[in-house]
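Reviewing the structure listed below.
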């Protein structure tokens with residue numbers, strides 16, 4: 001059923017269809033499902049905000065963490081905070097009411113910030129892949145990845161993300177309620193007159209999904225070959241090789257985490273786009289959409305767990321300058337120092 005700025009393609013045996021901007025959507029699923037959704041969003045907020053905020057605070061507090069590589073990682077934390085503050089707070093409120101009580105404006109805000117965070121994350125991972133490729137594979141001789149390159153990389157992620165998220169606000173496609181009708185996303189569902197949804201979805205999938213993923217897979221494919229060759233030839237010291245491998249492993253795990261979170265959503269969205277008019281249940285889009293939102297917590301958790309130097313700095317910040325686990329963290333800085341001088345980034 002299509003109405004002004006909404007579309008409900010779900011299997012609906014009740015025969016009742018009401019605007020998700022005006023009425024609770026309890027005819028789609030049991031009200032308990034909305035309560036569970038609200039609880040899930042509350043969990044993402046109470047975990048996602050402090051973890052990402054601490055990532056920013058600790059990096060700004062400790063000068064040794066302000067390295068070019070960490071600029072991109074900080075960018076991921078900022079993107080996650082945008083998702084938490086601008087998107088999750090909106091969704092928890094709407095799920096408590098069972099419909100998008102905030103109207104079209106709230107839908108645009110939630111859809112914009114959720115999509116913005118995802119796009120910044122994907123393009124940041126593409127920039128990280130390029131950085132790792134340049135540092136480890138050295139396709140450009142005597143090139144040193146410095147602060148200016150990192151700033152350019154961060155600027156690129158925002159430019160590309162805004163190029164994907166702003167058009168639906170100004171008429172090229174639109175944000176509409178999806179799934180259980182209490183969160184919003186790009187309109188993959190309709191060919192609504194005047195919005196050119198088809199051209200936007202094709203543009204989005206090609207320019208803002210296929211291209212960055214191709215960059216990521218190309219760079220890491222070349223990088224894995226280079227790491228094996230360097231290890232076989234012993235071209236660098238064992239300490240440097242170990243440090244570079246640790247950074248590369250961390251970023252690859254971030255990429256895998258992104259794919260696990262966002263690939264189901266992208267696949268379902270593409271299926272809906274190519275099967276417009278088909279009917280499906282309300283959970284078909286809800287589950288992958290809200291699973292994708294968990295990406296706001298996995299990046300900082302991966303960074304904290306796999307980065308000894310950052311973990312040490314965070315512990316000393318939390319314990320007022322002392323590290324009660326000093327024995328476990330000992331030697332982290334010395335392991336990373338040589339790689340920092342070799343690659344012009346601090347891998348940890």
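Using the three backbone atoms N, Cα and C, a Cβ is placed for every residue, glycine included.
Membrane topology as recorded by Swiss-Prot puts residue 142 and residue 186 on two different faces. Residue ranges 150-170, 171-191 are listed, and Swiss-Prot annotates 150-170 among them as transmembrane segment.
Among the residue ranges 2-23, 200-221, the one that Swiss-Prot annotates as transmembrane segment is 200-221. Regional average pLDDT for the topological domain 'Cytoplasmic' (131-149) in the model is 81. Close to residue 184 (disulfide bond) in the fold, though at least 6 residues off in sequence, lie 100, 107, 108, 110, 111, 114, 175, 176, 177, 178, each with a CB less than 8 Å from its CB. The residues of the topological domain 'Extracellular' (171-199), classed with DSSP into helix (H, G, I), strand (E, B) and coil, number 3 helix, 8 strand, 18 coil. Only pairs six or more apart in sequence are counted, and the transmembrane segment (71-93) with the transmembrane segment (200-221) gives fewer than three Cβ pairs under 8 Å, not enough to call it a contact. Packing against the transmembrane segment (150-170) from elsewhere in the chain are residues 68-69, 71-72, 75, 79, 108, 111-112, 115-116, 119-120, 123-124, 127, 130-131, 186-187, 200, 204, 207-208, 212: each is 6 or more residues past its ends and has a CB under 8 Å from a CB in it.
Cα of residue 320 (S-palmitoyl cysteine) to Cα of residue 197 (N-linked glycosylation site): a distance of 53 Å. Neighbour density at the Cβ, taken as the number of other Cβ atoms within 10 Å, is lowest among the recorded positions 107, 320 for 320.
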